[in-house]
Amino acid sequence: MARGKAKEEGSWKKFIWNSEKKEFLGRTGGSWFKILLFYVIFYGCLAGIFIGTIQVMLLTISEFKPTYQDRVAPPGLTQIPQIQKTEISFRPNDPKSYEEYVRNIVRFLEKYKDSAQKDEMIFEDCGNMPSEIKERGEFNNERGERKVCRFKLEWLGNCSGINDETYGYRDGKPCVLIKLNRVLGFKPKPPKNESLEAYPVMKYSPYVLPVQCTGKRDEDKDRIGNVEYFGLGGYPGFPLQYYPYYGKLLQPKYLQPLLAVQFTNLTMDTEIRIECKAYGENIGYSEKDRFQGRFDVKIEVKS
């Protein structure tokens with residue numbers, strides 16, 4: 001039995017290294033070299049084919065604009081202050097209750113300060129009234145970075161923070177800033193004037209994508225009170241000269257036009273659900289995405 005075990009042990013040792021034939025694991029050095037060379041060439045060819053395929057694919061893709069945008073959803077509408085539960089609840093006589101909302105607005109508006117828009121090589125004045133879409137050439141690097149329209153805080157009126165650093169929260173008249181999310185190459189198409197007849201409070205311009213905030217439910221409509229809008233030229237919406245957006249590579253300092261909304265006499269101690277909605281021929285809404293073209297926010301001013 002001991003002899004059989006020794007014989008078995010000697011056989012696997014001989015398989016690992018056969019000193020008589022100079023073989024390692026059943027192959028000579030030359031055989032190992034040939035098989036390793038084969039696999040190096042084989043996997044090298046596979047890697048070359050893969051890299052070549054990627055290079056060909058990259059030649060068809062622009063780093064400045066997606067080749068296909070037919071499935072890109074319409075832009076979303078969002079509010080500032082940006083809050084997790086889309087609920088704003090505060091007491092006007094308690095600064096700590098609205099401190100986070102004010103800080104959120106201040107932080108967002110930093111890039112809209114005059115001091116941040118001084119560079120004449122980057123920023124330009126695009127007028128104090130809404131105007132037509134401002135084309136800035138093709139989506140490529142032939143002309144380098146594109147200029148960006150300035151947006152002045154003073155256009156936000158009572159919600160600019162210039163005269164009221166609490167943005168109305170101290171007086172129980174909260175401000176909410178509204179922006180249309182960036183979509184590369186998107187050109188808003190405002191609705192026709194006659195299609196807005198159901199919304200008589202909306203000031204119309206063919207060069208503005210209008211926005212309106214109303215009570216979400218019937219009971220909310222009676223409690224929302226007066227709503228004031230502050231935007232470029234006094235229009236409640238987004239002026240077209242700020243579009244299209246050319247992307248971070250061509251417009252790294254791009255400023256979205258803003259609309260400020262102030263609720264001046266909300267019913268106290270009542271949770272009011274408010275819906276703000278953009279209107280346009282190429283603005284869509286989705287039940288699956290509550291921010292596509294609109295948003296809801298709950299506001300409660302406590303006594």
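Every residue number used here counts from 1 along the chain in the order it is shown.
Using the three backbone atoms N, Cα and C, a Cβ is placed for every residue, glycine included.
Candidates considered were C149, C159; the recorded disulfide partner of C126 in Swiss-Prot is C149. For C213, the disulfide partner named by Swiss-Prot from the candidate list C45, C276 is C276. For the glycosylation sites N158, N193, N265, the ranking by surrounding Cβ atoms (within 10 Å, all protein chains) places N158 first. Just so you know, the Cβ of C276 (disulfide bond) picks up 22 other Cβ atoms within 10 Å once every protein chain is counted. Note: C149 (disulfide bond) has non-local neighbours F123, E124, D125, C126, K134, Q241, Y242, L255, P257, i.e. same-chain residues 6+ apart with C-beta under 8 A of its own C-beta. Looking only at the recorded positions C213, N265, C276, the one with its C-alpha closest to N158 (N-linked glycosylation site) is N265. When the alpha carbons of C276 (disulfide bond) and C159 (disulfide bond) are compared, the span between them is 17 angstrom.
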